[in-house]
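Single-structure report; data block below.
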Amino acid sequence: MSGWERVRPSRSRLGLNFQRGENGTSSSRTVRLGRVQPQAPGHRTIYLNDREANQIVRFKGNSISTTKYNVLTFLPKGLFEQFRRVANLYFLMISILSTTPISPVHPITNVVPLSLVLFVSLVKEAFEDWKRFQNDMAINNSLIDVLQDQKWERVPWKKLQVGDIVKVKQDGFFPADLLFLASTNADGVCYIETANLDGETNLKIRKALERTWDYLAPEKASEFKGEVQCEQPNNSLYTFSGNLLFQKQTLPLTPNQILLRGCSLRNTEYIVGAVIFTGHESKVMMNAMNVPSKRSTLERKLDKLILALFGGLFIMCLIGAIGSGVFIDRKYYYLGLGESVENQFNPSNRFLVATLTMFTLITLYSTIIPISLYVSIEMIKFIQSTQFINKDLHMYHIETNTPALARTSNLNEELGQVEYIFSDKTGTLTRNLMEFFKCSIGGDVYGTGLTETEKGGAQRSGIKIEEAQKSANTAHEKGFNFDDARLMLGAWRNEPNPDSCKEFFRCLAICHTVLPEGDESPEKITYQAASPDEAALVTAAKNFGFFFYKRTPTMIYVRESHAEKMGKIQDVAYEILNVLEFNSTRKRQSVVCRYPDGRLVLYCKGADSVIYERLADVNNDLKKSTRQHLEQFGSAGLRTLCLAYRDLSSNIYESWNEKFIQAKSSLRDREKKLDEVAELIEKDLILIGCTAIEDKLQEGVPSCIETLSRAGIKIWMLTGDKMETAINIAYACNLINNNMKQFIISSETDEIREVENRVSRISYLACFYLSKLHALSKMQVKKELKKCLEEAQHYFHVVSGPKSALIIDGKCLMYALDPSLRGMLLNLSLNCSSVVCCRVSPLQKAQVTSLVKKGARKITLSIGDGANDVSMIQAAHCWHWNKWAGRNASRNGYASLSKKYPELYKEGIRNAFFKWRVVGIWAFFSFYQSLIFYHFVTTSSSKGQNSSGKMFGLWDVSTMAFTCVVVTVNLRLLMICNSITRWHYISVGGSILAWFIFIFIYSGVMTPYDRQENVFFVIYVLMSTFFFYLTLLLVPVVALLGDFIYQGVQRWLFPY
């Protein structure tokens, strides 16, 4: 169902479409008495498997529409869109004037071209909207199994209603937002793919409530009756608050029980769910904005050009009108200006004469602004997108059988003017293929080998390195590329810290949400994880001898080798009491488990910044050495996590668990309350060590970035990684090199650290020190920005000065984006060839992109592949949503010529082909050519005669002049072409030939209604004279002589 591509939130504006519809309210149980009680606006009540009860509320249907128009709005809305263009408004005014008596031309000469332009544009809009309509129909008419009369009936999606029980089969899409009830998998779990929501291809795990597992067969499911009290429809993809009232129990619902519309079912035969939100109230649709009407820079510039041309036209007409009012007089008897003459030519009222002549001249001179220009531009852009972009083999991705798809032709030219590219790191510059590479346990580093980042850094430093040979016992599988015999095959028991090693391995094997699949053997088992990092860590535990092979909702089973003594293998069941899940705010994950012997342990893994804040004040030497190892791993481009644990007493745990259950059952602010409860137990942790995972670079990324840099495109890397990791990845990608002057603005200064330490230790003075920290940090950032800007400007003005790069972390960026410092940050950034922002949040990514887009007024492009990139993508002019970002960028960015000579792209960035200077030059030469046409043709024809001895008249001279114009203009177009193919000859020759065919027919036919009798046979008379051929040969040559000289001087002396 490729139609789901259209409703990805990556192409929408997250957070701007929150709605509270009338149908969000529902009745209480008193509906059975025929009365509808008002419901609190904060939640809705849904009766599952009870259509009759839900009908009173009138929830929205499941049919969707993503079209821009409908039958009633197409013409008014479509015409409004067309008349947003200044040119179309101008042509409409001219068409109206041409229908009045003062017009010297027939209305058809203006009305028909305008109608043609509007018709072509509306047909193009209708075609694009028809595609959207077909896509909507395909989705709305997709079939789904719905429970009716104790059996599954196939019905279209659009007929689904809130509260219906549905069955979704493997590889099928969820037709609405569903409450997950039961699955064919053991333990009530299913696997879903959310690529249409966030671009992530890793399978996610969803788990039904244990009380609903049995409602799988249609006979059993028909007995299911429950009531859901949940939040109103909203656009938050990752949160859900609600309760299921079932069998006199209140069961809390979390996002783990919600299956969102647009996701697909994987590795599960089928699931049974209940419809919660339908149609435009589903979360994915609430994230999808109406189709925007975007206008390119070219169109906006054309509007300004049209206004400038109209200004010139108005002045010409005003001069002519004033002249007409001043010089008109009855003494010119041959003009026939008698008493009965019409008002436009009555000398008795000169003001009226000037006014009416003004409108007449505007109509007469209207061809100065060519309506054909817009027709040509529309057709060129439409053909370019449908025939060239969509069918370009260089933009075809073989692995996924995905061609390029231009969804609109309105912004084609923007792609040739991109000056700034904003890119995420993980999954975009890197492959998102994680491998366990090194670790630190109890203060000792384990693992050998060099990362790609280290190799790239060594090469740039001119250091020749030889990688050590891998040991014979090295195990290498997907997710595990670790080489160190000290930890393999139970050898860790001989290490100085075997107990720490054991806790380390158990933390890896227990603290996760991974689900095992397949046979319970190390060789055949596969792990389904929410992220490749988690899968890599569990795979590492398996290779270290702690094999996680089975999970139930309350138990984890681990086959431990050599844990108690060398050679002993035992299956250990750990009871999982609580899971405190990872999110972008917490940046950590914890599991509370009970050992078979009754020991209660909290295992926690997460970012070093959050783990270190929660460590007990013991073993400071271990903390210090582990922090050094974290910096060492980060410098090698590795992704790090810290591991810690805490032993719990029964009293502490029971007291905390009561608070946890209350928070989990809360209908309001559940996430916030859960985070607050988690803080109560995630403290006084004992540090075990840290892991280091390598995310390999995408194929071809370094060469791609080098090519883009040569093309004049500046690349900014916006990542959440540590500064050391980000810098080394930037080195490996050719984004930064040793020849660059690097400006590093970091919050890791002695002054800031001192205040941070005081804040963490003196709670009662925290507010005071926190304000001091903010003030100090802002002052320090301002000082660094000013210093770096002065130095950067110095290098910028020195011809031989090195290129510069800016590296800034999230904390400093927070202050640098303050309105008082924003301008300084922008100036510094624009003076740098590369910018690396590390430790940044999704919001900061969007703010940085908007800063360049709005502050520098440059064309921007954002590239990302995850939900955290959505804001950044929406902030840019153009975007590229990737599933294979790096490979696509390196293969598909340029045609072969641009790859060989990327400097050619700079002309687009400089806007060299369409700027006011270019317009001025064309206007100058057009004025020169107009003088040549007029004087040469009129002077040469003043004494000319036709074959019958008559002098040339008005129609002879004007036809001769226009013939010269047609030939000259087409030859001028041929002169500006950098390459000439047979199509150029066909179009230029065809245009000239078309004029002669037209004039032959037009001047050869006369009707009784034709007032211009003198045009009859004019071209035949002209072509019978020597004057015609001599003029046709000389006038274009003289008219183009100026262009020829200017173009020759420019190409020889000023080629760039």
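For all residues, glycine too, the Cβ spot is worked out from N, Cα and C.
Unlike curated entries, TrEMBL annotations are predicted automatically.
Sequence annotations record features per position, and here TrEMBL assigns domain 'P-type ATPase N-terminal' to 46-110.
As annotated by TrEMBL, transmembrane segment applies to 305-328 (among others). Counting residues 6+ beyond its ends, the transmembrane segment (305-328) has Cβ neighbours under 8 Å at 86-87, 90, 337, 345, 347, 350-351, 353-355, 357-358, 361-362, 365-366, 368-369, 919 in the same chain.
The annotation transmembrane segment is assigned in TrEMBL to 351-375 (among others).
Annotated active site, 4-aspartylphosphate intermediate per TrEMBL: Asp424, in sequence order. Just so you know, the Cβ of Asp424 (active site, 4-aspartylphosphate intermediate) picks up 25 other Cβ atoms within 10 Å once every protein chain is counted.
Cβ-based neighbour count (10 Å, all protein chains) for Gly720 (ATP binding site) stands at 22. The ATP binding site annotation in TrEMBL covers Asp424, Lys425, Thr426, Glu534, Phe582, Lys605, Arg639, Thr719, Gly720, Asp721, Arg839, Lys845, Asn868, Asp869.
Annotated Mg(2+) binding site per TrEMBL: Asp424, Thr426, Asp865, Asp869, in sequence order.
Annotation source TrEMBL lists domain 'P-type ATPase C-terminal' at 896-1055.
The feature transmembrane segment is assigned by TrEMBL to 916-937 (among others). Panel annotation: around the transmembrane segment (916-937), residues 305, 308, 957, 960-961, 964-965, 968, 1031, 1034-1035, 1038-1040, 1042-1043, 1046 of the same chain, lying at least six beyond its termini, place a Cβ under 8 Å from a Cβ of the stretch.
Same-chain neighbours of the transmembrane segment (952-971): 929, 933-934, 937-938, 941, 944-946, 988, 991-992, 995, 999, 1003, 1012, 1014-1015, 1018-1019, 1021-1022, 1027-1028, 1031-1032, 1035-1036, 1039-1040, counting only residues six or more beyond its ends whose CB sits under 8 Å from a CB of the stretch. The transmembrane segment feature in TrEMBL is assigned to 952-971 (among others).
Taken from TrEMBL, the feature transmembrane segment covers 983-1005 (among others).
According to TrEMBL, the transmembrane segment annotation covers 1017-1041 (among others).
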Practice problem: Looking only at C-alpha atoms, tell me how far Phe582 (ATP binding site) is from Asp424 (active site, 4-aspartylphosphate intermediate), rounded to the nearest Å. | Solution: 21
Quiz item: When the Cα-Cα distance from Asp424 (active site, 4-aspartylphosphate intermediate) is computed for each of the binding-site residues Arg639, Gly720, Arg839, which gives the smallest value?
Solution: Gly720
Quiz item: Given the model, what does the mean pLDDT over the domain 'P-type ATPase N-terminal' (46-110) come out as?
Solution: 87
Quiz item: Far apart in sequence but close in space: which same-chain residues, 6 or more away, have a Cβ under 8 Å from Arg839 (ATP binding site)?
Solution: Gly720, Asp721, Lys722, Met723, Asp809, Gly810, Lys811
Quiz prompt | Nonlocal neighbours by CB distance (under 8 Å) for Arg639 (ATP binding site), same chain, sequence gap 6 or more | solution = Met434, Asp533, Ala692, Ile693, Glu694, Asp695, Asp721, Thr725
Quiz item: What count of other C-beta atoms do you get within 10 angstroms of the C-beta of Phe582 (ATP binding site), across all chains shown?
Solution: 20
